[in-house]
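Visitor: Heads up, here are the entries from TrEMBL:
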ACT_SITE  A:K78  active site, charge relay system
ACT_SITE  A:S158  active site, charge relay system
ACT_SITE  A:S182  active site, acyl-ester intermediate
DOMAIN    A:25-475  domain 'Amidase'
Amino acid sequence: MAYLNKMKIAEARDALKKGDVTSVELTEACLSAIDAAGALNAFVHKTPEIAMERAKAADARLKSGDAPAMCGIPVGIKDLFCTKGVESQAASGILEHFKPEYESTVSQNLADAGAVMLGKLNMDEFAMGSSNETSVYGNAVNPWRRGNEDTALTPGGSSGGSASAVAADLCLAATGTDTGGSIRQPAAFTGITGIKPTYGRCSRWGIIAFASSLDQAGPMTKDVRDAAIMLEAMCSHDPKDSTSADIAVPDFEAMLTGDIKGKVIGIPREYRMDGMPDEIEKLWADGTAMLKDAGARIIDISLPHTKYALPAYYVIAPAEASSNLARYDGVRYGHRAKLESGEGIVDMYEKTRAEGFGAEVKRRIMVGTYVLSAGFYDAYYNRARKVRTLIKRDFDEAFEQGVDAILTPTTPSAAFGLGEMADADPVQMYLNDVFTVTVNLAGLPGISVPAGLDSKGLPLGLQLIGRPWEEGDLLNTAYALEQAAGFVSKPEKWW
Amino acid sequence: MSIDKDTARKVAHLARIRVEEDDLPALADEFNTILALIEDMNEVNVDGVEPMTSVTPQRLKRREDVVTEGDQADRILSNAPDAREGFFAVPKVVE
């Protein structure tokens with residue numbers, strides 16, 4: 001069978017169960033697609049031996065009849081996840097050659113469900129970026145192009161490799177992580193679906209930490225049904241992550257009825273930003289109309305502290321990063337700088353970190369160090385935490401009014417060209433996250449669904465934000481939106 | 001609040017990241033751009049607001065204070081740039 005790599009999880013699952021296809025065949029199709037897609041620079045560590053071994057085991061398990069939904073499904077794993085015996089570098093030079101002795105809980109859950117790991121995926125260094133341009137492996141490239149132009153576009157970030165790989169059918173799905181929008185923004189830029197679940201749904205154990213109070217893993221898939229299937233396999237309560245929620249994981253797929261009659265959808269007026277492109281405005285209005293046509297009740301809501309989300313985020317995330325990344329000191333793992341005679345341990349730390357980290361990571365560590373330093377802690381860090389309380393309160397109040405989900409654009413623009421932001425100051429790049437960071441600050445589930453194309457033929461996404469722990473209901477609303485939007489476009493193959 | 005070259009040097013040292021003297025002015029400029037964004041927060045009235053510690057109100061779980069996965073020094077040292085005789089090795093710390 002040709003084009004097995006183009007299958008969705010649900011299709012492949014059904015075909016595997018019926019015996020129409022084997023996991024080995026699916027896996028081989030993906031491995032060939034990966035080998036032919038070097039130009040996308042999505043897979044940065046390939047693991048074909050592990051993949052074939054797991055595919056064979058999955059086929060045996062399928063034959064025995066005891067096979068969960070993800071059994072035999074070939075997936076890519078973001079480089080942020082520690083995978084036993086396989087390079088796990090967070091796309092950083094400071095973790096060069098690092099091969100963990102352990103497996104992250106999320107990737108272990110997927111392996112236990114029989115999923116097949118194809119390799120590790122490109123990303124922004126330590127997940128800090130919105131364009132995959134801060135990676136030590138070089139840029140990942142978006143399979144989409146503007147019409148007939150050959151300008152290389154960003155797949156977004158930080159889960160840029162995951163987005164590019166799924167959009168280009170190099171794998172059936174991929175893991176991502178999202179600290180300020182790193183699943184949803186790249187999903188929007190590449191015409192795929194990505195969900196960040198409620199904080200605490202997925203264990204953070206073994207995921208290289210960026211900002212621990214914001215980080216969450218989630219699936220990046222070809223449609224909403226696949227997101228439901230894969231999310232369920234990724235979630236679990238994990239005693240090794242003290243913030244992991246000890247609550248049952250529902251059958252998300254079973255909740256996809258497409259019926260949203262009587263659901264209340266909030267449209268937050270503060271997300272209507274000055275200078276927002278007309279195409280984004282229109283997409284948002286179209287999405288609103290689609291949900292209304294599907295029987296939902298649309299109400300205008302106010303989330304008054306929205307404009308302070310980005311400032312609060314750029315205190316809290318760097319502060320946590322400066323603490324988390326203190327461990328990269330050249331002692332226990334990764335890069336250690338060569339020392340001149342007479343240089344001591346502080347020189348070792350300073351040179352190791354100067355050589356190992358890229359510019360954006362250094363910038364954020366130092367901003368974090370500054371906002372946590374004596375004399376500034378209250379003015380910056382504590383104030384940011386108070387603003388965070390207010391941002392969450394905005395959402396709580398909307399939900400108390402009876403809102404079931406909130407609809408917004410995912411990003412303020414379509415994918416931009418790699419290098420186009422090179423001369424912009426760092427804050428210009430941070431604006432990419434303006435619609436997504438609020439969700440991380442409030443710990444809520446958020447999903448991006450592809451909903452249309454811009455005038456240059458690039459995909460655009462809409463974001464739905466749900467109540468905490470109600471991913472099933474959120475996925476169902478997303479499913480209704482997906483059905484109404486009918487987005488089926490794929491990038492034309494040039495790579 | 002504006003960051004000058006001396007503050008940038010101090011922050012770089014606190015973060016244990018070596019920054020060459022010539023690069024400090026540009027770094028200070030970048031800090032100031034980011035601080036300008038951050039300082040938009042000053043418009044918010046936060047009187048009487050509790051700083052958030054956790055998005056879900058929860059008490060951190062506790063466990064028995066016992067060794068769960070011990071006796072694996074070799075695995076722990078397997079990625080070390082320099083390990084000797086079961087220890088991480090570093091340049092001399094005490095003269």
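Just so you know, glycine gets a Cβ as well, placed from its N, Cα and C.
Curation plays no part in TrEMBL annotations; they are all automatic predictions.
For each feature listed, report its degree of burial, its nearest neighbours and the pertinent distances within the displayed model.
Guide: Listed in sequence order, A:K120, A:L121, A:M123, A:S159, A:G161, A:S162, A:A174, A:T175, A:G176, A:T177 are the same-chain residues six or more apart from A:K78 (active site, charge relay system) with CB atoms under 8 A from its CB.
Reduced to three states, the DSSP call for A:S158 (active site, charge relay system) is coil. Non-local neighbourhood of A:S158 (active site, charge relay system): A:M123, A:D124, A:A127, A:M128, A:G129, A:S130, A:N132, A:T177, A:T179, A:S182, A:P186, each in the same chain, at least six residues away, with C-beta under 8 Å from its C-beta.
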Visitor: Would you count the other C-beta atoms found within 10 angstroms of the C-beta of A:S182 (active site, acyl-ester intermediate) for me?
Guide: 37
